[in-house]
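Note sheet for the following structure.
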Amino acid sequence: MVKLMDGSMWSALEHFGFNLEHHWTFGANRDLELLKKVYEKNLEIGVDYITTNTYHFGSTLEEISERDKYEQYFENACHVLEQLAKPSKILGSVGTFATYFHDCSEYTGAFADLPNIQPKCNQYFRTIFEKFQNLSKIRHLIIETISTRMEVLEILKVLKDFPEFKIIFSFTLGKAGNLRHGENLAEVLEDFKNCEQVIGVGINCTDPSNILEGLQKIGCFQGEIFVYPNIGDNSFLASDKNHAEFVYDRDLVQSWILAGATVIGGCCGVKFKHLEQLKNLI
């Protein structure tokens, strides 16, 4: 049975009237009631997996003077969800290293070409893992919008010091099912096939037309396979606009399932109404 994942956090926050700051969702964690509404709505729809609003925490790591505030925001995001959902449903969201640069480089992976960048990447993920370890009970993490092999290699190094964590790697892909930085997804997956802490792989923040080739490269991965693309491309929408109840393209979604997807949700632009429609298709 295919499972349902939540959708876009910024779309969910907009639904409840939050004034987004350049799509920076992390600031919403100051409002516990707002967080509760977002999480409760996802659970009401019936999602099987729900992510914490912690994706953009990494973008705050250089804000030394605001550290206490942002750590409290992080704790809020985790604690509110822990009060509402079973642990098996919760995935701690870890944003790509690109969030550290505030430059949308997750769509190119250009940061991987900076000199001596590996230690900084390593410390980025180590710091976030420590926050989940010390400020929450969440031990299943989904690392989202990975665009480079360099990130994968550094994460695997860090994981050795956090044996209690189980990890899902989710990649953003360009053409031909390759990572945005150009690496072949099938070759990248070889890096962690013997790591027992890796329990899932995924594709997110990706044009829907590039999903199928990515799934074919994932092949027979033994674990959950997540697909949660952006809503923006027209191929993600049903061609018959008269049937608004079918926003997701039924054939496209079924092609992902046949190619191995076990969990489907949404990334940028996917609203609650889209999740409700998707639920009827899977």
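Even glycines carry a Cβ here, placed using N, Cα and C.
All annotation found in TrEMBL is predicted automatically rather than curated by experts.
Annotated Zn(2+) binding site per TrEMBL: Cys205, Cys267, Cys268, in sequence order. In the three-state DSSP scheme, Cys205 (Zn(2+) binding site) falls into the coil class.
Looking at the domain 'Hcy-binding' (1-282) alone, the prediction's average pLDDT is 92. Annotation comment: TrEMBL describes 1-282 as domain 'Hcy-binding'.
Report note: the Zn(2+) site is defined by Cys205, Cys267, Cys268, and the residues of the same chain whose CB lies within 8 Å of the CB centroid of those residues, excluding them, are Ser8, Thr145, Thr172, Asn204, Thr206, Tyr228, Pro229, Asn230, Gly266, Gly269, Val270. Of all the binding-site residues listed (Cys205, Cys267, Cys268), Cys268 has the fewest other CB atoms within 10 A of its CB.
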